[in-house]
Amino acid sequence: SPWATPEWKYVQPLSRGLVPEPEPCIETRLSISNRNLSTSHTSSGDYTDFYSSKDHATNVGIMFRGKENALMPNWLRLPVGYHGRASSLVVSGTPIRRPCGQMRPDQTKPPIFGPSKQLDLELEMAFFVGGKSQLGEPIPINKAHEHIFGMVLMNDWSARDIQAWEYVPLGPFLGKNFGTTISPWVVPMEALLPFAESNPLQDPQPLPYLQHEDGYTFNINLFVSLKGTHPNTHKKLANIWYISLHIIMTLAKRKFTLFPQNPGSFGSMLELSWRGSKSIDIGGGKTRTFLKDGDEITITGYCEGDGYRVGFGLCKGIILPALND
Amino acid sequence: MSFIRVNAASDFSYQNLPYGVFSTSDNPRHRIGVAIGDQILDLSVIRSLFIGPVMSKHCDVFDQPTLNAFMSLGYEAWSEARRTLQNLLSDNEGILRDNVNLRSRAFVSQSEAIMHLPADVGDYTDFYSSKDHATNVGIMFRGKENALMPNWLRLPVGYHGRASSLVVSGTPIRRPCGQMRPDQTRDIQAWEYVPLGPFLGKNFGTTISPWVVPMEALLPFAESNPLQDPQPLPYLQHEDGYTFNINLFVSLKGQNMTEAVNICSSNFKYMYWTMKQQLTHHTSNGCNVRPGDLLASGTISGPNPGSFGSMLELSWRGSKSIDIGGGKTRTFLKDGDEITITGYCEGDGYRVGFGLCKGIILPALND
């Protein structure tokens, strides 16, 4: 394949020679024309979303099914995932319109159609696939690295009320596919490998096709901040937390564990507000359970080197009001 | 009628005129064609004959290797192009009929053509819109009381499928390996699908027939919509009949069989949700669609066992044997089995059909 790892390795030393010495955390104003990028289509690819944070899956499970049935039996055996919508992937800076949809807030009454009242963010990271595989032929785990090109930050915006009503039994659909934001700079895996650590213990041990020894868990600090429309409403929703990104492969899957287990590290408002039961303080006397119109969410992240950073730029989006009927 | 002779049982009548993408051994370039009788009219050869007000400015779309550009032009363009084709193929029009040189360049025999996927599919969505199928599956897995989930009758339930593994009819399908709990039926799907839906149980391969039948060819076969109870919310309501009487057949030919055996006779009119409702629901939240996107109906099953559209239902979760003749039976597919789906609308002395949607099962790869 013309895109296999050797070519990627070749490009990097050349570019290092052409740029000045790296500077710590360069503040850049990205003047990408967001509208053009968000509407241009160069290829028809696929987008898959995994569910690989044990804390997130457990929190959501507790909220929706109770403590005993929090994690489904398959969760610890395989990286659960589902297909997402490629057409609604947008670059950082693209405004996100609050979706309308069908929902059933009161189970004793018929469902209704209207603007989502439970608009949420989801802090994620994502990797791009390189090279190609043949239909019918798996990528063995010892070759997976040849197909993992690089990473971006992602916000998997979610409408929890639309999602809750539609998702049984075929999974999330319109509660997700109204928009998904990614950061614009794809950080190559070679830039991240210096920050790889050993993988977390997986218990039970996965089946052989999912086992690999080499550490592919990445120490990337991640931050989510919310800026409301009122003055002084600009606060980090989550403090610095330690992110372990452990990649396990068959056809390039991704696993992602949040440490430590404290509320300051939860990656969605569903969890931070515990399904709307707690208020999240955003400063200036204001609180949130879910997102309001005009809220701007910014996700940032970086690996901390010795006197330098490897970061991702911004993954940002502002919420526009729902369209009137 | 056309100057190209079409027999009454052909899928590709003058009333059909479906679009596809093909190549030939002497010209491997993918190009757009229209099927008629046993011929293909190569639109790249006759594109300058599209002289209507819309298509005259855009006839270069027929020079493309996929239908996406033509699809992107919209409703008026499709309609005008169809009228042009009907005129060019008419036995009353001499432009093509009488031009021996042009005819020899413009027509290719279907038997010499290799068909390809007709469009670059950006996103593929699969719905679940047959009430009989959803009820059968629900009864099998949850019992009669909980057969249909509460949302099923309120919105057209669907999920995203995988675009990369869409293949054209004739592509062999490799039996997938996967993680499963051996005591479950439809093994890979049953173990993985809670709570986020089907994934690897589906995305190892999906086959489509190569000829895209335009809606204008199907509209004469539209009937009134089934009663929907409870009535859907206003955004999903439409009065006009968009329920199509399309006869559908599934046949199976095992490795040592000389002929295929019919295992299902069904009809597209059995669907509960219409395509208009599916598309409207899909974009109701602002989700964008692009030309070439594919939206599938979900398994089509009718009210009688002979019309069930999956072996899961035909064998009732493996509890009954499906008779395929010669003393042979099936519950699920075996290596070497070839499945062929066909379908057509029955007109008065003609058919509007789809060609073949075929695939043979290859054995799983050894580790």
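Just so you know, glycine gets a Cβ as well, placed from its N, Cα and C.
Database features, via TrEMBL:
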| type | residues | note |
| --- | --- | --- |
| DOMAIN | A:48-299 | domain 'Fumarylacetoacetase-like C-terminal' |
| BINDING | A:ASP49, A:GLU122, A:GLU124, A:ASP156 | Ca(2+) binding site |
| BINDING | A:TYR51, A:ARG65, A:GLN163, A:TYR167, A:THR257 | substrate binding site |
| ACT_SITE | A:HIS56 | active site, proton acceptor |
| BINDING | A:ASP156, A:LYS176, A:THR180 | Mg(2+) binding site |
Filtered A:ASP156, A:GLN163, A:TYR167, A:THR180 - binding-site residues with C-beta under 8 A from chain B: A:TYR167
For A:THR180 (Mg(2+) binding site), the number of other Cβ atoms found within 10 Å of its own Cβ: 24
Pairwise CA distance, A:GLU124 (Ca(2+) binding site) versus A:LYS176 (Mg(2+) binding site), rounded so that it is a whole Å: 14
Neighbourhood of A:TYR51 (substrate binding site), C-beta criterion under 8 angstroms, separation at least six: A:ALA57, A:TRP75, A:PRO79, A:VAL80, A:GLY81, A:TYR82
Cβ neighbour count within 10 Å of A:GLN163 (substrate binding site): 21
Length of the line joining the Cα atoms of A:THR180 (Mg(2+) binding site) and A:ASP156 (Ca(2+) binding site), in Å: 5
Close in space, distant in sequence - A:ASP156 (Ca(2+) binding site), Cβ under 8 Å, 6 or more apart: A:ASP49, A:GLY84, A:LEU121, A:GLU122, A:GLU124, A:LYS176, A:THR180
Chain-mates of A:ASP49, A:GLU122, A:GLU124, A:ASP156 with C-beta within 8 Å of site centroid, Ca(2+): A:LEU123, A:ALA126, A:MET154, A:ASN155, A:SER158, A:LYS176, A:THR180
Alpha-carbon spacing, A:HIS56 (active site, proton acceptor) to A:TYR167 (substrate binding site), which is rounded to whole Å: 17
A:GLN163 (substrate binding site) in three-state DSSP notation: helix
Residues near A:TYR167 (substrate binding site) in space but at least six apart in sequence (CB under 8 A): A:PHE173, A:GLY175
Mean of pLDDT values spanning the domain 'Fumarylacetoacetase-like C-terminal' (A:48-299): 86
